[in-house]
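Peer 1: So TrEMBL says this about it:
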DOMAIN    16-121  domain 'Thiamine pyrophosphate enzyme N-terminal TPP-binding'
DOMAIN    214-330  domain 'Thiamine pyrophosphate enzyme central'
DOMAIN    423-548  domain 'Thiamine pyrophosphate enzyme TPP-binding'
BINDING   D454, N481, G483  Mg(2+) binding site
Amino acid sequence: MEDNKQSRLTRHVPSTLGRHVARRLVQIGVRDIFGVPGDFNLTLLDHLIAEPGLNFIGCCNELNAGYAADGYARACGVGACVVTFTVGGLSVINAIAGAYSENLPVICIVGGPNSNDYGTNRILHHTVGLPDFSQEMQCFQTVTCYQVVVNNLEDAHEQIDTAISTALKESKPVYISISCNLSAIPHPTFSIEPVPYFLSPKVSNQLALEAAVEATATFLGRAVKPVLVGGPKLRVAKAQKAFVQLADACGYPVAVMPSGKGMVPEHHPQFVGTYWGAISTNFCGEIVESADAYLFAGPIFNDYSTVGYSLLIKKEKAIIVQPNRVTIGNGPSFGWVFMADFFTALAAKIKKNTTALENYNRIYVPPAMPVRNEDHEPIRVNILFKHIQNMLNGEKAVIAETGDSWFNCQKLHLPENCGYEFQMQYGSIGWSVGATLGYAQAAQDKRVIACIGDGSFQVTAQDVSTMIRNGQKSIIFLLNNGGYTIEVEIHDGPYNVIKNWNYTALAEAMKNGEGKCWTCKVRTEEELLEAIETINGDEKDSLCFVEVILHKDDTSKELLEWGSRVASANSRPPNPQ
């Protein structure tokens, strides 16, 4: 009894702002925070690293720290990064914009100016030379769902808690600026052990839910060969399990949009592949586009996912289910109906219909295996990915960089529990290096396989050193084809050719005699098989960096088709005025 009383007393002993931030991050599930030190965030960093449950991972630059927080949020549910005022904030903002586009809750913390400098006419370093300190926050307003500047202790508790809870509720990044002189100061509003977080669950409007289910069941019940298509917003809606429940109940074929890959279990007996219009996986596109009704779960239809606006999808045949809204054909729309609730209720109401699945099984022919013409011939992309496919299991995760890896990785069949991530909406080249760092740090039970083109790698290469420093055991396949191949297929020019690096030597230089990092160059299938044997054997606990030398014109057929259609969409002449 005395111990409990002492615990309650201790909890209400005033604590510091810095400790409160650290404890809050731990409470929401953040074990690692990525960042770069700068003079405005150093005292805050002291408090973050003093928290036993929190590990600070210093990155080579702020952009990669943001990408790492993005990758961490994909594996863990929430991520965090910490940088310094303006020079750090404006450097990390591109990564935060990417997290916003992918609906990822990332807590972006910036060490701000001394609180005494606000409201004065002083000019500070790390600024553009004006006494207005709001420029950084203004830049973050369009790429975060909430922004707060903490420059007094009275409001700090409320400001920080509101920002963090908003990130979790909205599943978007938030911006928190904390004055550099406040982190170490105790205040009565901060207790040693903050009261744990509680976010009240969102509850669907019951009448709207019932009406949406009734209308959807009637709409689909009239269809002869309906299908289900999973989209990228299944994650933000936390509706993946409910989607599988619906699939089990209805018996329809289950496809996935390219940006939703990894959200739908590909070992499911009704899974038919990726629906991506003209470049869908074999027989999937035909089944979806010939259906007389299709339910899209959390889709994003942009110029990339529609292959230059060329999908053969009719609005009057479609049910669009977004995280909090259901729209049926050209007819009714039901708001405040949450996706998981809707799928669970619909599963109990829907009639089984396996017609389209039976049609798929009739026409399906397994994909052909790429063949070698002769021994020791230069390796081809399709041979490489045949062997990457064989490496996959439930203890792996795939990260696909923007570029031809989008298309090659899309064809990989994911075994049960195999992770998969890429950034299709924002498509920032170089994202995957930081994302691999962050994802691997969060998902310690998985070994990450990252497929990265040489052009993308040159943008963010430095933080391979951070992977080595933190003892990560990811596998990086560096696809060296001498340039920006995805851009070549959209619009070629001399600017798409880059300076070739000795990539394995660069990784060795980062290792510099410390840590576990194994590198090799691969030019043939025989060399690739030897490398994979080493990766899975002697170097299973090392970071493995494999540079694969490819012909500059060796691309997937999907990229060739997609590139020509996107180029056509990009080059449309202006409408007459």
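Going from the start of the chain as shown, residues are counted 1 onward.
Every residue, even glycine, has its Cβ placed from backbone N, Cα and C.
No curator has checked TrEMBL annotations; they are predicted automatically.
Given the structure is predicted, the values throughout are model-derived calculations rather than measurements.
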Peer 1: By a simple count, how many Cβ atoms lie within 10 Å of the Cβ of N481 (Mg(2+) binding site), its own Cβ left out?
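Peer 2: Around the Cβ of N481 (Mg(2+) binding site), 21 other Cβ atoms lie within 10 Å.
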Peer 1: DSSP helix, strand and coil counts for the domain 'Thiamine pyrophosphate enzyme N-terminal TPP-binding' (16-121)?
Peer 2: 51 helix, 22 strand, 33 coil
Peer 1: Just how many other Cβ atoms lie inside 10 Å of the Cβ on D454 (Mg(2+) binding site)?
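Peer 2: D454 (Mg(2+) binding site) is surrounded by 25 other Cβ atoms within 10 Å.
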Peer 1: For the domain 'Thiamine pyrophosphate enzyme TPP-binding' (423-548), give the DSSP counts of helix residues, strand residues and coil residues.
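Peer 2: Grouping H, G, I as helix and E, B as strand yields 58 helix, 28 strand, 40 coil.
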Peer 1: Could you break down the residues of the domain 'Thiamine pyrophosphate enzyme central' (214-330) into DSSP helix, strand and coil, giving a count for each?
Peer 2: 37 helix, 24 strand, 56 coil
